[in-house]
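What TrEMBL says about this one:
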DOMAIN    1-238  domain 'G-protein coupled receptors family 1 profile'
TRANSMEM  6-31  transmembrane segment
TRANSMEM  43-65  transmembrane segment
TRANSMEM  85-108  transmembrane segment
TRANSMEM  155-175  transmembrane segment
TRANSMEM  187-211  transmembrane segment
TRANSMEM  217-240  transmembrane segment
Amino acid sequence: HQPMYYFLSMLALNDVGLTLSTMPSTLAVLWFDYRWISFHTCLIQMFFLHSFSVVESSVLLAMSFDRFVAISNPLRYASVLTNNVIIGIGAVIVARATLSIFPGPFLLKRLNYCPDNVLLSHSFCFHPDIMWLACADITVNILYGLYVVLSTVGVDSLLIVMSYALILHTVMGLASPRERVRALNTCVSHILAVLVFYLPVIGVSMIHRFGKHLPHIVHALVAYVYLVVPPVLNPIIYSVKSKPIREAMFRVLRGKDQT
């Protein structure tokens, strides 16, 4: 019941939600060669897909704050990150994601779409993917998409970098090199999780904005990396680096072997 494990639970639940939001349509394409999706279903899937992405970015930011408090002021760690504070952070994260993505479906629904433009780049619905199917002025949608990216992922990544700059400043103030290594070692898992999430997000954003001339397979592969890699690697990263989680997994596996 430490704050870090509450944030890990949020991250795990969000990864499950991100996977479930795209899995039905992806499996329908792979298993049954099903190539149709209704417009409203597409908008609903897009809303949940982008909402979960914003939530993941926000949770990673909250975890960087957790690491900052744990290293810079360990004696007050439990008093700062109380259960009520963590619940409040979780509520703000969900509200922020919902309010950020909520206008998206309505901005897409108001557009007129050409009958011939029916092909999406992936087996799931991205906002840029749907937007480019319209036969209308999409300037508002482009500005909205840019605003969402900058106000969520952009701001979060900047704050995460700032938090680690403060963490590094605190660590460099420690007298013992062994204490410095020990303090930085507690951040390795989070740093890896940040890279695993943000690098594919940046790749997807760059591909959709500047890579329209690239082959279709490139767009599809980058999108699948963005959706598959974080949910797959996050449990591995934290189970390898966190001794309590690793020991709990071994206990579960031993229990299944005995039954």
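Cβ from N, Cα, C; glycine included.
Fair warning: this is a prediction, and the values are worked out from it, not measured in the lab.
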Residues of the parent chain within Cβ reach of the transmembrane segment (6-31), under 8 Å, 6 or more residues beyond its termini: 37, 45, 48-49, 52-53, 55-56, 59-60, 62-63, 66, 86, 90, 93, 123-125, 193, 227, 230-231, 234-235, 238, 245
Across the domain 'G-protein coupled receptors family 1 profile' (1-238), average pLDDT on the 0 to 100 scale: 86
